[in-house]
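Over in Swiss-Prot, the protein carries these features:
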type     : residues : note
TOPO_DOM : 1-74     : topological domain 'Lumenal'
TRANSMEM : 75-95    : transmembrane segment
TRANSMEM : 100-120  : transmembrane segment
TOPO_DOM : 121-170  : topological domain 'Lumenal'
ACT_SITE : 147      : active site, proton donor
TRANSMEM : 171-191  : transmembrane segment
TRANSMEM : 196-216  : transmembrane segment
ACT_SITE : 198      : active site, nucleophile
SITE     : 202      : site 'Stabilizes the active site histidine for nucleophilic attack'
TOPO_DOM : 217-233  : topological domain 'Lumenal'
TRANSMEM : 234-254  : transmembrane segment
TRANSMEM : 260-280  : transmembrane segment
TOPO_DOM : 281-293  : topological domain 'Lumenal'
TRANSMEM : 294-314  : transmembrane segment
TRANSMEM : 388-408  : transmembrane segment
């Protein structure tokens, strides 16, 4: 389902998304389209929340809570999970890490689809004060809250797992971990309102979406685990086909939004993980948790050091390789219409997070350029292909290459 839009440029002075004149969205979606009608139905509800949200923020605000909620919000970001999840995987928590990674990717993808479909704004600022350590608020729509979706999905899945293990844990450990999970869920979801980043509808919809994803993942956990341990050739084929389908299916936003780029990145990571676990030998994966001994902490430190360096080297190598290879290939195949800019190199640097230049939008996963504003949007252009290669490579290296090295080095 590709949602086409007319080529409507947004003013350069426009800072936040979703607040254009109604004619902008009627031209982009079509005045009689279901998409436009639903947006017009929900928008007044979102706008009416502002006054109450401002009263709540004004009543509770103090410097300590400002710092607390701004920093705890980083626990629901892409950067935190991109750093934490490989480390959990290399520590031997294989299936839990794969479950959480898949949940996080699903949360980013489905919340991004809804955001880009409805193109609804965040709470008005002013009067709301937006408290954030990131500038991403300028480049994302508000409905629903991706932070809340991810917190609810990963938090509730962790709760389900914790409850299933309650009989085998001490009371102190159980209630300590339970408190941490509940604190995490509450801090992220309530913090979105306190920080002025989202309204009640954003958070409540994110909650419903996140809990639904957690229940689905928990119910079909055994199925996914069997897929990751399967040797059937249908696994890598279906993984690639589904990844490309989900990227194609993602709605086209009315304005330049980073949701599509984030979705492409995480769908690609999952594809890389599926391929990596399929190619990986059972010995290399079992070694991750069978190597628990008195030297485990030292060996684990070496694993993390090697793994982080591996990812950094891969990103650097992939960028340079793509800069050298992709543009000539596209030109030789006469696929210049897939190049969103006349200077393909700049576009590839942007897609792979290589540099920041005027006109680019910085994100936690890289930078985007005019990919979205191409007169005739093409989903699989050079920028998209570059992003798929880079991030699927990260997933593949973390689940295949790194465990293979750890086994060979006996660490």
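Every residue number used here counts from 1 along the chain in the order it is shown.
The backbone N, Cα and C atoms fix where each Cβ goes, and this holds for glycine too.
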Recorded stretches the transmembrane segment (196-216) and the transmembrane segment (100-120) touching, at least 3 CB pairs under 8 Å:
yes
Dominant neighbour of the transmembrane segment (388-408) in 100-120, 171-191, 234-254, 260-280, by Cβ pairs under 8 Å:
260-280
Cβ-Cβ neighbours of residue 198 (active site, nucleophile) (radius 10 Å):
29
Sort out the residues at least 6 away from either end of the transmembrane segment (171-191), same chain, that have Cβ-Cβ distances under 8 Å to it, and list them.
68-70, 72-73, 75-76, 145, 147-148, 150-152, 155-156, 158-159, 162, 203, 206-207
Can you give me the average pLDDT across the topological domain 'Lumenal' (121-170), rounded to a whole number?
89
Using DSSP, break the topological domain 'Lumenal' (121-170) down into helix, strand and coil residues and give each count.
26 helix, 0 strand, 24 coil
Helix, strand, coil residue numbers for the topological domain 'Lumenal' (217-233) per DSSP?
11 helix, 0 strand, 6 coil
Same chain, outside the topological domain 'Lumenal' (217-233) by at least 6, Cβ under 8 Å from its Cβ: which residues?
95, 98-99, 102-103, 106, 153, 157, 160-161, 274, 277-278, 282
